[in-house]
Ligand SMILES: NC(=O)c1ccc[n+]([C@@H]2O[C@H](COP(=O)([O-])OP(=O)(O)OC[C@H]3O[C@@H](n4cnc5c(N)ncnc54)[C@H](O)[C@@H]3O)[C@@H](O)[C@H]2O)c1
Ligand SMILES: N[C@H](CO)Cc1c[nH]c[nH+]1
Ligand SMILES: [Zn+2]
């Protein structure tokens, strides 16, 4: 059974706080395990990567088998049906069109003092794209990583994808082909993140690691941050549905289960002002769980982390949504735009009953790599900006130096930084002398 909460209940605050604090990723254990894995790969390179892959994915590799060969990719792509290929191509094109609009422009302007200032954008040199593959396969995540990276113009793209028991997913290979990526390694988990961050004999290090994954992948990215860039914490999936009375309970139940089925650590929450809908959705989830293929995973997530919250009104729902800061927020209400305007914290919003979150996972266009664990309070979903860096530019004329240099000299002296002050003063001296 999920947790049932009601904002009119005096115990609500404590129950809601416990929901927000739930340690879905068993933090302490994962932290320590990941630290050991990162250190091992950093010290022993390929040898550690191969041992860890044997332990966690049950695949025996050798250094020359870490990367897929072109022939292996060809053979796997040949297994993909024309219909599946067409669906991936449609998804890729919609993702490309959406992300192309995100490309920022360089800028330069001359201010009244005569300083020409600006900024320019350049892609990172190499990006490591993580594509999850432990409990399910994610060709869609390959597209969501690689298409924006290509749009940003990243010269080297490398993919890591686990192949549990040696099974490689043909659609992942086809997605790589469609996105134009041919450097693909059969490694996953924290050990793949370590290889990208530190490099091994076979896998050259990258500058930035992006992509979603389970608690081990998310924690590994957190720990290597600083040594390399990362996009965000994109861990076990989450969905919050806010629904009014006028909804089909079965649709809402399926939307909740669509994220619960990703991982036993996933979280699905319903908030509604309608008690009857709350009960009907909870019953529909139980009914759907009986026949769902992934009922073990989805049922564990719903039982351990699921919640149904009854509120006084939609205003209260919006306030709670901001505190949850969900990865995905579905607004199944009569006026979704108005409610969306009231909410600041969410990775992605889905407005109205005809926009199930699952559309966003595949073909909507916006990215499905999104911040989890309440990190939507301060970070955003993957975009072309994650694959670019901005460099500022400044050029002063002598007149500009005369106008703004004295203030710089003064502040430098106040900070006690004599070389800074002298660096400016030397130029001012030439101008004044
Ligand atoms: N937030 C997002 O944008 C987003 C998008 C897609 C998927 N996801 C999430 O990605 C995750 C995919 O998880 P997955 O498991 O299917 O694939 P995964 O590739 O993320 O994880 C599999 C790897 O985890 C490692 N691992 C598993 N158990 C371990 C243990 N006990 N100790 C150390 N390492 C261990 C193994 O190395 C294995 O290769 C799900 O949680 C899903 O919800 C999130
Ligand atoms: N819902 C996931 C992000 O949390 C993305 C995904 C990929 N495939 C299916 N779903
Ligand atoms: Zn999903």
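Placed from the backbone N, Cα and C atoms, the Cβ positions cover glycine too.
The feature NAD(+) binding site is assigned by TrEMBL to 130, 191, 214. In this structure, residue 191 (NAD(+) binding site) is part of a helix by DSSP. The Cβ of residue 191 (NAD(+) binding site) has 28 other Cβ atoms within 10 Å, all protein chains considered.
Within 10 Å of the C-beta of residue 237 (substrate binding site) we count 25 further C-beta atoms, all protein chains included. Residues or ranges marked as substrate binding site by TrEMBL: 237, 259, 262, 328, 361, 415, 420.
The Zn(2+) binding site annotation in TrEMBL covers 259, 262, 361, 420. For residue 420 (substrate binding site), the same-chain residues that are 6 or more apart in sequence and have a Cβ closer than 8 Å to its Cβ are 408, 412.
The active site, proton acceptor annotation in TrEMBL covers 327 (among others). Here residue 327 (active site, proton acceptor) comes close to 237, 238, 239, 346, 347, 348, 370, 371, 372, 376: these same-chain residues lie at least six apart in sequence, with C-beta atoms under 8 angstroms from its C-beta.
Neighbours of residue 328 (substrate binding site), defined as other CB atoms within 10 A of its CB across all chains, total 26. Summarising the annotation, TrEMBL assigns active site, proton acceptor to 328 (among others).
Only 361, of the recorded positions 214, 327, 328, 361, 415, place a Cβ under 6 Å from an atom of ligand 3.
If you take the Cα of residue 259 (substrate binding site) and the Cα of residue 191 (NAD(+) binding site), they are about 26 angstrom apart, rounded to a whole number. Listed in sequence order, the binding-site residues among 259, 361, 415, 420 whose CB lies under 6 angstroms from an atom of ligand 1 come out as none at all. Between the alpha carbons (Cα) of residue 191 (NAD(+) binding site) and residue 262 (substrate binding site) lies a span of roughly 21 Å.
In this structure, the binding-site residues that sit close to ligand 2, with a C-beta under 6 angstroms from any of its atoms, are 237, 361, chosen from 191, 214, 237, 361, 415. In this structure, 415 is the one among the binding-site residues 361, 415 with the smallest number of other Cβ atoms inside 10 Å of its Cβ.
Separating the Cα atoms of residue 130 (NAD(+) binding site) and residue 361 (substrate binding site) is a whole-number distance of 16 Å.
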